[in-house]
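Trainee: Quick one: this structure, given as structure tokens, is what I'll be asking you about.
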Amino acid sequence: MTSAKHFFNWFKEAGRGHLTTFLAWGAFCIYGMIKAAGLNFNVYTYTGIGSTELLYICAGLGAAIGFLEFFYLLQPKKLDFYYSLPVRKGYIFWSRYLHGLFHFLLPLSLVLSILSIYQSSMDSAFSFYILSYPAKSMFVCLMIFLLFYHIVICSVILCGNMVASLLLSVGFLSYFQLLLNYVFLPLITNCFQTYYRSPLLESLLAHLVPIQLCQILCGTQLFDKEQILSYTPKADIILGILVWNTVLFLIMTMGQKRRKPEMIGRIFTFGIAERIVQILLTFLGGLLCGAFLLDIMHLTPANFLLWGIVFFSSSIIACALIHFLLEWLVQESHRVLLRRKAQPFLTAFAVLITGFLFLACAPVYDTYFPESQKVSALSISVAGLDMDGDTYSQILYGDSYPTEQQLKQYCFTEDAKALGMSWISSVIESNRQVSIDGQFLSKDSAYTTVTICYHMEHGQKYYRVYPLSKEMFAAFASVYESDEYKKAAYPASSPTYLADTGKDLFTWSDGVSKLPLKLSAEDKQNLLRAYAADIQQLKMQSLTQTVPAGILSITSQQTGYVQELPIYPFFTQTCSLLTDFGTDTDKTIADYPIASIEIHSSYAVPADSSGGTIHHFYETPEEIEKWKYSLVPETFDIQPLLTPLTQEGRVKIENTETTSYNEIKCRLK
């Protein structure tokens, strides 16, 4: 009973400053008022999970309350006074811990509950989540708060002054980010020629970097309202933040028991903490220095000797310098600068082993090819194939989004998978044969690249990207012409894809004008059957001959979704039917009355400079006659690898009925 009374008294003592109360209640009250006002204008306002603002408030309060509650551990006079009283120091510590936690949970639960009730009165869709959404939001906010709360408390316990505590808190938050993103990732891209992405590396970033872990836990990566309201973090994410909080809690518990008041003022209050921080910083600094030099010198394992000299020498020097710098910072008058002589050498050895492992694993990684029976599905994306010119340009400039979309679309489990595995095997073997000093065909000199994702039986995914020569790409025809690939590339050729199209709108476009087709339900079915038959006979080599004659658009009556079908001149059955329906499939942009042509030519300019484009205008009949047969509407630039088009331009076409002009974007053959 006496112990409980002492504890409660110290709990009240912790609140005498009122800063924690003012900060927590003030932040949540302001947040609640802003969100309530936002709900009056937009019911797509998220008050819990999905709210980036709430994430930052919880993280900020965790850090701020941690420093406010436990700043006394860095104040010698206050600490001496507290410890001189007839009370256990554990009472003081845990009463402050619970005081900070209490003044976070109380305003959080009240504000989220009020906002949920208010939102349910305005948004009927939210009524189904009135209990689950705020409950899950409170749990997520508590986990985020505790993570930053524990980080700050551990930093204050392990360090003896404010500056060191702040730096250690930053270290907790950013160490794995630096190690994975700025050391391991550059080394992977430098050593592994076929690297595209690594689910393992992405998982480590998601679980070991506190900021990313909190963002995923809070669902800030989601945008759809239904997904956000029903969002439940995955078990591995919940386990990750529980492990973080548990480990930090154990460090905090053991540290507060053994922390000595006389260590206040020093950088570290524990020798073991000092040594661990030295080792981790030295290891990180050595790897950072080596990876940075390799990057700016553009060295690859092809220059094995130079690569090894630069990486190993720079890493060893960096490890030694960082170690002695840290020793100088923490040393006292009775300490020797060159103590722990073996530590920098052992750390440098660990850095060298890490670099050697990347080098040693590179050949195994680049030539990895799983057994076909262990692959449940195969995704393929060939840069420049079955995509428009703008999308291809995005890939060339490093945008991975189009590739990710293609990997989802072109995922095979049947005949295309078997043919694809055989083709990839030949690509790897061909790259081995043309390799120089173990280096595959350079991506800069390659005709194009192919990105592969092996979907394994147990759910693992392995990504690779291979450079392709023209011969390797031509061999892809066997995969392209398979039934499964054509279903993915031309889904409308599947009889069940569009279902009933009897009331859908069919439109023909020659790149300049659009003509609605007045067809019966039977005519539409016959047209789709003819299209499917032409796709069945399609050869990849045929696509190199010409651009489409036009685009057949099918607008769904039910959903409004538009499906575009490219129609090539060699689609004999489809073109024949369209001709019977009164459509001129031979009409091109050259058959229209062209008023003027504008062609753009580009030239290299220095970085951060304007210009780089020259506009050429052609208006005389002779000039128009010369250029008009080379013009292709931009909408027909759908196979930049097979039928590459060059310069961009614009064409002004005269509309004789309205005496106006239509401007059409185009490319040159």
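Placement of Cβ uses the backbone N, Cα and C atoms for every residue, glycine included.
In TrEMBL, annotation is done automatically, which means it is predicted and not curated.
Pasting the relevant annotations from TrEMBL:
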- 22-42: transmembrane segment (TRANSMEM)
- 54-74: transmembrane segment (TRANSMEM)
- 94-118: transmembrane segment (TRANSMEM)
- 139-166: transmembrane segment (TRANSMEM)
- 172-192: transmembrane segment (TRANSMEM)
- 235-255: transmembrane segment (TRANSMEM)
- 276-298: transmembrane segment (TRANSMEM)
- 304-326: transmembrane segment (TRANSMEM)
- 346-365: transmembrane segment (TRANSMEM)
- 454-558: domain 'DUF6449' (DOMAIN)
Trainee: Quick one: find which recorded stretch in 22-42, 94-118, 235-255, 276-298, 346-365 has the most Cβ pairs under 8 Å with the transmembrane segment (172-192).
Mentor: 276-298
Trainee: Mind checking which residues reach the transmembrane segment (139-166)? Cβ under 8 Å, same chain, six or more beyond either end.
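Mentor: Counting only partners 6 or more residues beyond its ends, the transmembrane segment (139-166) has Cβ contacts under 8 Å with 48-49, 54-55, 58-63, 65-67, 69-71, 73-74, 97, 100-101, 104-105, 108, 112, 172-173, 210, 213-214, 217-219, 233, 238, 241-242, 244-245, 248-249, 251-252, 255-256, 259, 263-270, 273.
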Trainee: Select the range from 22-42, 235-255, 346-365 that forms the most Cβ-Cβ pairs under 8 Å with the transmembrane segment (54-74).
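Mentor: Between the candidates 22-42, 235-255, 346-365, the best contact partner of the transmembrane segment (54-74) is 22-42.
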Trainee: Given a Cβ distance threshold of under 8 angstroms, which distant residues of the chain, six or more beyond its ends, lie next to the transmembrane segment (235-255)?
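Mentor: Here the qualifying positions are 143-144, 146-147, 150-151, 153-154, 157-158, 203, 206-207, 210, 213-214, 216-217, 269-270.
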Trainee: Are there residues at least 6 beyond the ends of the transmembrane segment (346-365) whose Cβ is under 8 Å from a Cβ of it, and what are they?
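Mentor: Here the qualifying positions are 187-188, 190-195, 279, 282-283, 286-287, 290, 301, 304, 307-308, 311-312, 315-316, 319-320, 323, 438.
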Trainee: Mind checking how the domain 'DUF6449' (454-558) divides into helix, strand and coil residues in DSSP?
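Mentor: Summed by class, the stretch gives 40 helix, 26 strand, 39 coil.
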Trainee: Averaged over the domain 'DUF6449' (454-558), what pLDDT does the predicted model reach?
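Mentor: Averaged over the domain 'DUF6449' (454-558), the predicted model reaches a pLDDT of 87.
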